[in-house]
């Protein structure tokens, strides 16, 4: 592969090893990604505004408003929490500048074993790791770089990205259903009584929400399905795109799901506040 080169035991010109400080928030300073992340939050806030102030608060049915308001706001909160965790969690970055002669010798490799060195970030490249040109780091089990979360989707934050796509798809579907019911309600009742806004403003806001909900429902549903398929087959998006040769052990689909969401299955799978236990596997794997 072009992005990999076998590291020899000759001196290499690397910067001093860079080990990220623990408990430091991970954040990528990419203008495009930051703008996309802000737009994502603004679109969710717009949906919140229309759902609450155009559809739920003006209705006469208190039970309908409370039930749907609780469901929508809970899903929206979980979606934004998942987005924040996906954006601010280290996706599995490999320490920079550790491909030095001294460090390679300290690994005490057996005869015939080789390590791969990334020439871009001068780090020892674990198996199944790829270099991201935006993050400027090698990422373990990198699936892709997503500008909407301003981060790579990798070994440590794939769970949060999957939850983000799932919850956005659910609130989009819920919003579309409420828009349909509200249109029917307004047609049967007086348009002046079904909203605190004027009829033209109400129609425009509902159409915009309908368009946003439909667009995001399709996009996030496809992304969610793609991610689940990638997890079940234990093959990242980059590996599928490059058609890389499989050199890792094949596991069952259920084991692959637990490897991403945690052991064992529990309600914590659906919580963006629960950090999955990925096990204690050595991140540096060698290929004989």
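Each residue, glycine too, has its Cβ placed from N, Cα and C.
Among the features that TrEMBL reports, transmembrane segment is placed at 31-56 (among others). Long-range Cβ contacts of the transmembrane segment (31-56) within its own chain (Cβ-Cβ under 8 Å, at least 6 residues beyond either end) map to 64-65, 68-69, 72-73, 76, 79-80, 83, 87, 134, 147-151, 168, 171, 175, 178-179, 182, 195-197, 202, 205-206, 208-209, 212-213, 216.
Within the chain carrying the transmembrane segment (62-81), a Cβ under 8 angstroms from the stretch's Cβ atoms is held by residues 41, 44, 47-48, 51-52, 56, 163-164, 167-168, 170-171, 174-175, 178, 270-273, all 6 or more beyond its ends. Here TrEMBL flags 62-81 (among others) as transmembrane segment.
Residues annotated as domain 'Palmitoyltransferase DHHC' in TrEMBL: 117-243. Residues of the domain 'Palmitoyltransferase DHHC' (117-243) grouped by DSSP class, helix first, strand second and coil last, total 72 helix, 19 strand, 36 coil.
The transmembrane segment annotation in TrEMBL covers 160-185 (among others). Proximity of distant same-chain residues to the transmembrane segment (160-185), defined by a Cβ-Cβ separation under 8 Å and at least 6 residues beyond the stretch ends, is recorded for 44, 47, 50-51, 54-56, 59, 68, 71-72, 75-76, 78-79, 82-83, 85-86, 89, 146, 149, 153, 194, 206, 209-210, 212-214, 216-217, 220-221, 223-224, 227-228, 231, 260, 270, 272.
The transmembrane segment annotation in TrEMBL covers 197-219 (among others). Tertiary proximity for the transmembrane segment (197-219) is limited to same-chain residues at least six positions away from its ends with a CB under 8 Å from its CB atoms, namely 43, 46-47, 50-51, 54-55, 168-169, 172-173, 175-176, 179, 182-183, 186, 191.
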